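Participant: Before anything else, here's the structure in question.
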Amino acid sequence: MARKYPLDKFRNFGIMAHIDAGKTTTTERILFYTGINHKIGETHDGASTMDWMVQEQERGITITSAATTCAWKEHELNIIDTPGHVDFTVEVERSLRVLDGAVTVLDAKSGVEPQTETVWRQADKYGVPRMIYVNKMDATGADFFRCISTVRDRLKGNAVPIQIPIGSEENFQGMIDLIRNVAILFYDDLGKDMREEAIPAEYAEKAEEYRAAMIEAIAEADEELMMKYLEGEEITEEELKAGLRKATIANEIYPCICGSSYKNKGVQQMIDGVVDYLPSPLDIPAVKGTNLEGEEAERNAADGEPLSALAFKIATDPFVGKLAYTRIYSGIMESGSYVLNSTKGKKERIGRLVKMHSNSRQEVESLEAGELGAVIGLKNTGTGDTLCSEKDPIILESMEFPEPVISVAIEPKTKAAQEKMGMALAKLAEEDPTFKTWTNEETGQTIIAGMGELHLDIIVDRLKREFKVECNVGAPQVAYKETIRKAVKAEAKYAKQSGGKGQYGHAVIEMEPTEGEYVFENAIVGGAIPREYIPAVDNGIQEASLNGIIAGYNVINFKVRLVHGSYHEVDSSEMAFKIAGSMAFKNAMAKADPVLLEPVEKVEITVPEEYMGDVIGDVNSRRGRMEGMEEVSGAQVIRAFVPLSEMFGYATSLRSRTQGRGVYSMVFDHYEEVPKSIQEEVAGNKTK
């Protein structure tokens, strides 16, 4: 089947933002203008096309990122709508992994908010080029220029306006396009009656100032344009666009535009911006991975290359079963063909292939390089797995997901539903890598763990709705961690000789605190421990580190060097060295000044001035550490770091303190040492 659009006409992009910045409404408007929806879905009345899970329609927030295909001006757009609620960062993380570009939506009255920072950092990690759309310009308190300065101050991004607004709040009428030097004015609420006019006289000076700043920023990123600029030559519209496109794709500039999605002003210009400035699959570097021998390999975006694709999301559909949302990086995937899941080393048959439009679908015969679609019929494929050609296998880099920070015990209301609940939880864990479930061996209880209270609420809600399992839920528990504060040397000898073959393993280790991942270094010289037993020592240490000595929590941020040991010709075995490694770790930890760590959240609270003293006092009583305050649109925004264990039930407390006028958001920030008294309390609770 011939391509409908060449690869350079593809735009795979996401729409990302803080909760309530108007992301889903913006996507709805894109679908409306690109001709897929005939009536615009409103998030307010629960009819939005992109928010298709029942819980999303009720809560008015986006939980699962729905991938949608549409067309605009001879380009194919694949849009991924990502949730802005902090508990669903996994959705943002996995969609960013497969995007080529993104539109960051900001609320014109709030600017950069905590979740914007989180999502921005995630996009930085994957090097995703972005443009910024300042939405809700019609809202009270809207301020485009303050918004742009929050991007520069809080995100350290080189935000360059390529439009400036005409009017704001209820007087928002349109924008000035600085590239083409014209005013775009809207005369109706559906964005149909839109006219280009000369720039109004009262805006001429401001437009000139911002246009000069924009031209200078674009010229700085391009030597040829810089020469023209310095020599005072006129830079054409085409040159400006080409220069801006290059700088945006290189992450040197973030073009900024404005609008009001709800009032249908500025959305078409935003889609034009996506086409003009965000990358096609050909503009991004070749995707990297490793072949089965562990050597580096890469694939270019081309139909003629061997197939490589990444399954970035697994969803269960009531009608067709398991859907694997997939990005094709190279080659062609055909329905009915066989591919290799190189991550798991298993062959898979491609059943049907569909292109998704939110939650309706169109069947296709094949998906080509650069396309996004869903595969039906895969048996063994999970999130982050690579699907590739059997002849030329490649394993693409998988995705990293954060560990859960909160857990609750859960039990079905009837004994008969126990098995059903187990199967349902396994299905949900397959869909969402940040959701974990296990059985507590001491109590026999089923534990579910996730990224926040809302995350677990929705899991329990889905159990009831989709799987018809009603559950009782216990009080939330915090996922503490343990670590060490000083470097030590320790040893352990495991010896068992009681007739017949004995056991013997002896390991001497040095252990020290470190920032970041666990590191094991083999420093054995002269064969004190035979090479084949060294991985066993490492395994013993890793296994023992899952249960620290203070309160049995996972031990993090440490490094181990295996420096010496001894073995027995007959009695030594992998098992003996594994036990020796585990014992050496426990001995070392006891001497290394162990401490308990707790998750600390970055909290942002917005309250009217009169409640500020009370709210700050409350934050301090929760062991909060103030980071700063500022006034935004007549309200006070308080920023602080607060331990997660102190934030349970905060929504209710804030509501009663501020008569329902305060709002807050929080995002996991880091782990930090707990005070001695709390460490003793946690350790005491664990031993009860």
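Glycine is treated like the rest: Cβ placed from N, Cα and C.
Annotation source Swiss-Prot lists domain 'tr-type G' at 8-282. Per Swiss-Prot, the feature GTP binding site maps to 17-24, 81-85, 135-138; the stated evidence is sequence analysis.
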Participant: Average pLDDT across the domain 'tr-type G' (8-282)?
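Facilitator: Here the predicted model's pLDDT, averaged over the domain 'tr-type G' (8-282), is 83.
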Participant: Need the DSSP three-state call for Met137 (GTP binding site) to compare against my parser.
Facilitator: coil
Participant: Across all the protein chains here, work out how many other Cβ atoms are within 10 Å of the Cβ of Met137 (GTP binding site).
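Facilitator: That number is 29.
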